[in-house]
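Structure first, commentary second.
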Ligand SMILES: Cc1cc2nc3c(=O)[nH]c(=O)nc-3n(C[C@H](O)[C@H](O)[C@H](O)COP(=O)(O)OP(=O)(O)OC[C@H]3O[C@@H](n4cnc5c(N)ncnc54)[C@H](O)[C@@H]3O)c2cc1C
């Protein structure tokens, strides 16, 4: 540290979190004398999963100046318009949580209120007919959104499904080009200052000692610094998000190249399917109190669309968050900060948010405790909001066919979620956040997709006579269908990208 400036940042871990942080710091501090080093251990490896994202990742990539075609080609990415949930509310159900709006406001009243009124009168087409990303996804079509707000193709966004290992390599190349230094080795000791417990240095197995001013703990579930050294503590959310294990198994592509991720509910958890350009990522997230590892693996293997391309990767986790995500001179980012299970592909987004907040509150040598306190407050809030949204998927079910679903259906949700669910059930109102990642269309998709139907609709939606509303809905649904059918096939868009970068 020199004159109160942070000069050396040491990032522990070279998974998605470590390399995203390194790339972002190398970009944000370009031209300034900040040394950034990443320590990673090939012997320990990375978690090896994390392939589906949410649209915000595009802002991260754009900020770093990534060219989309190059990124898509090098990470074997596909486009993602949302997630299809199968068998969640009831066996046989299917709905898509899209990255986009449902319909459009009419007379200052939210679209879904008009739809609820039409539904009560018996003439509403299915809600998903009013979401362009859903209509396109159901046809395996994709196109980029239009920047023109008058164009119906401006009503959606998109994310990516990519090979996480290739994304980390892509970020690493970017960061190293900008001066980030990588050190291979396993940390065996963490040295703390006796006076205040700040981390002073880490010691590698080789005996090498590496000092820094700021440490970013991206060491995954281990939390080598934040927990191993600082004992920041962990808040366990298993009572609401009971899945605690997963098995992942990629296979060759034999099914459709869907522009969406699939999450199919099973007896004691759920299965994911994430199609990439070169393979399909599959996994089973499950609760060990209700099924065994072998049964879970068999359930996954039995439904693979082709033969596996690797050995099964078994993982264990505890859903929850670190009690302090910034403690003294250690900021935990990634799995070391918490894990809320992969149902809505939120982990990489939480990494991105953490990096943004770290840059907002980047410390100087005075280590003002307010920086850490505000960072922590904002990050804890994000984790809670994602948590509530995830719990909704498990709790809002009518399934009673297995002990696991009985448990989920009858659990007591957090008060914050109970209030939101009651408000929607009563009058179709969605509680919106100023901060927090899931907005009205996301909540609507899951509430209605999982059969929570409001008892009443907004009386203001009654201004439009029934025949006029019926016609308006029909016209709107036609517009979405026509726009979706005019889009190219998802596979064709990817082929075009591959040809352009060849
Ligand atoms: C089953 C499952 C499915 C998931 N699916 C998704 C998804 O679809 N979308 C999504 O956004 N997220 C998903 N995630 C989360 C996502 O995988 C992680 O958020 C992401 O990979 C970041 O992990 P990480 O970098 O924090 O940790 P890791 O990938 O575990 O990396 C930890 C790093 O720390 C290093 N390290 C650890 N200990 C030491 C030590 N002592 N010395 C030196 N180095 C050390 C390791 O070598 C490694 O480089 C999923 C997670 C799980 C468990």
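Positions of Cβ are set from backbone N, Cα and C atoms, glycine also.
Taken verbatim from TrEMBL:
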- 14, 15, 16, 17, 335, 348: FAD binding site (BINDING)
- 80: 7-chloro-L-tryptophan binding site (BINDING)
- 80: active site (ACT_SITE)
- 344: L-tryptophan binding site (BINDING)
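Counted over all residue pairs in 14, 15, 16, 17, 335, 348, the record's binders of FAD, the longest Cα to Cα distance measures 14 angstrom. Excluding the listed site residues 14, 15, 16, 17, 335, 348, the same chain places 13, 18, 19, 20, 46, 47, 50, 164, 168, 218, 220, 334, 351 with Cβ atoms within 8 Å of the centre of the FAD site Cβ atoms.
Around the Cβ of residue 17 (FAD binding site), a 10 Å sphere holds 33 further Cβ atoms from the protein chains shown. Proximity of residue 348 (FAD binding site) to non-local residues of its own chain (separation of 6 or more, Cβ distance below 8 Å) is seen for 16, 20, 50, 53, 54, 57, given in sequence order. Set side by side, the binding-site residues 14, 15 differ in how many other CB atoms lie within 10 angstroms of their CB, and the most is found at 14.
For the pair formed by residue 15 (FAD binding site) and residue 344 (L-tryptophan binding site), distance between Cα atoms is given as 20 Å, rounded to the nearest Å. In the three-state DSSP reading, residue 16 (FAD binding site) counts as helix.
Counting Cβ atoms from all protein chains shown, residue 16 (FAD binding site) has 24 others lying within 10 Å of its own Cβ. Neighbour density around each Cβ, counted as other Cβ atoms within 10 Å, peaks among the binding-site residues 80, 344 at 80. Residues near residue 335 (FAD binding site) in space but far in sequence (CB under 8 A, at least 6 apart, same chain), listed by position: 15, 17, 47, 220, 221, 317, 347. The two recorded residues, residue 80 (7-chloro-L-tryptophan binding site) and the residue listed as 'L-tryptophan binding site', have Cα atoms 12 Å apart. For the pair formed by residue 344 (L-tryptophan binding site) and residue 14 (FAD binding site), distance between Cα atoms is given as 23 Å, rounded to the nearest Å.
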